[in-house]
Amino acid sequence: MADLPSDKVDEAKQVFECFDKKYEGKVDNFYIGDMLRSMGLYPTQAECEKRGQTKKAGEKTLKVEEFLPIVSEFYKMPAKNFGTYEDFMEGLKLFDKESNGMMSLAELTQVLVAMAEKLDPRVVEEILRSTETKDDAEGMFNYDVFVKALLKGPFPNES
């Protein structure tokens, strides 16, 4: 594919082969997001569904030739599509009841595991651990520090 570097084409083909469970040159559309995430991309469920991901396995399949343009699309997206500092801060300010830069760690955890793009509780624990986010005696934490640590990384899938 001309608009995707050859190393990314090779990586996409390898990922595709890993998800091709029956070795038929086809992957269930249900796994589009999983394939993209295994390549270090961070699409939302909505973005994946817009590009053909199904809500249940077994409904539809795609070939590698159909997967490569999807990969290319995500590599072309500007970084801001994946959340900037300002985006995170604006979202978290909604939970800052006293407008003092603090929010409840329990509330953040609940939001991450129960709303919209749900995260597994173990993933949330890993995020909090890797960003060294801890609550104070009142159960609150400084979300500015959290966002800066989150955006700093580490990002294990980056080279």
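Even glycines carry a Cβ here, placed using N, Cα and C.
Computed from a predicted structure; not experimentally measured.
Per TrEMBL, the feature domain 'EF-hand' maps to 7-42 (among others). Non-local neighbours of the domain 'EF-hand' (7-42) in the same chain are 1, 48, 51-64, 67-68, 70-71, 74-75, 82, 155, 157-158; each lies 6+ residues outside the stretch with a CB under 8 Å from one of its CB atoms.
Taking the domain 'EF-hand' (83-118) as a whole, pLDDT averages 88 in the prediction. Feature annotation from TrEMBL assigns domain 'EF-hand' to 83-118 (among others).
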Next item on the list: Using DSSP, break the domain 'EF-hand' (7-42) down into helix, strand and coil residues and give each count.
Entry: 23 helix, 3 strand, 10 coil
